[in-house]
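*Asks:* Take a look at the following structure, please.
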């Protein structure tokens, strides 16, 4: 199929565009604003490091091509997307601009960079070997099933989600749930209360939403009742886990997970999942990282209107250009 040819080419094109868009060292102001990385000051060319990065990228793209043909989404696809973004595309940009998010590492530390590339390649080789073993051994093993989903369990989970959301609103306030600007967790990061709020209460609406979506397809209640239950569950989820008021990894796992729950059965291959992940890491995560501290709609308009949020800033650890101030990022 044409998609199996064009999709890998797109994955090759993305880092190529990023690399070519960064100005040569010393050319101040030449790097496009949308890339959201500083102009490079120095650049130490190393054919070995570039070759090792290219090998990592080739392995990642090759494995993504194989895994995308096997399933519409899987842990293996997520793993190779991670390798592609964080061990290939982002390090390529870091190397070109001569700055890294790890201490005093620079583009001149070629030996350290090569050792890192070697460690990544060893990891990839081990993963591939274990994957090959998995495809031979697991199909012959019985698959243990967990507890089944019931209609009463779904209704109970939605009720618990309502209680959890009310508690979150009472304890934290609506403002703290909708934005990180209030920094509500600053004094609770190591406390039992914070863990309770973050890991338990915020998770209940997620389970309720997944259950409601299951009930929409398989429940026996009238359609309007099932649709109403889904609307209530998703509404509670938006309050408890609003994208700008919660951690980025939660946003990615929860909302992408629910999307896959709805459309996963209709996907013929894994490429939509791959590009959702890549786009989320290179575009949406930087966008969320900046907008999570806004306090008014006008600030959101100024950030988005500036169009300075694209690029691999999430993974580079380099300060972004923003309309208000430079915000330090790190992985």
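Yeah, the Cβs are placed from backbone N, Cα and C, and that goes for glycine too.
On a predicted model such as this, the values are computed, not experimentally measured, just so you know.
TrEMBL feature annotations, pasted as is:
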- 45-66: transmembrane segment (TRANSMEM)
- 73-93: transmembrane segment (TRANSMEM)
- 113-133: transmembrane segment (TRANSMEM)
- 154-179: transmembrane segment (TRANSMEM)
- 199-216: transmembrane segment (TRANSMEM)
- 223-240: transmembrane segment (TRANSMEM)
- 246-263: transmembrane segment (TRANSMEM)
- 270-288: transmembrane segment (TRANSMEM)
- 300-320: transmembrane segment (TRANSMEM)
*Asks:* Verify whether three or more Cβ pairs under 8 angstroms connect the transmembrane segment (73-93) with the transmembrane segment (223-240), leaving out any pair fewer than 6 apart in sequence.
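*Replies:* No, since the transmembrane segment (223-240) and the transmembrane segment (73-93) share fewer than 3 Cβ pairs closer than 8 Å, they do not count as touching.
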*Asks:* Top stretch among 45-66, 73-93, 154-179, 199-216, 246-263 for CB pairs under 8 A with the transmembrane segment (113-133)?
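*Replies:* Most contacts with the transmembrane segment (113-133): 45-66.
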*Asks:* Are there residues at least six beyond either end of the transmembrane segment (154-179) with Cβ under 8 Å to its Cβ atoms? List them, or say none.
*Replies:* 197, 200-202, 204-205, 207-209, 211-212, 214-215, 219, 229, 232-233, 236-237, 239-240, 242, 244-245, 292-295
*Asks:* Residues of the same chain, at least six outside the transmembrane segment (246-263), with any C-beta under 8 angstroms of its C-beta?
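*Replies:* Residues 72-73, 202, 206, 209-210, 213-214, 237, 273, 276-277, 280, 284-285, 288-289, 292.
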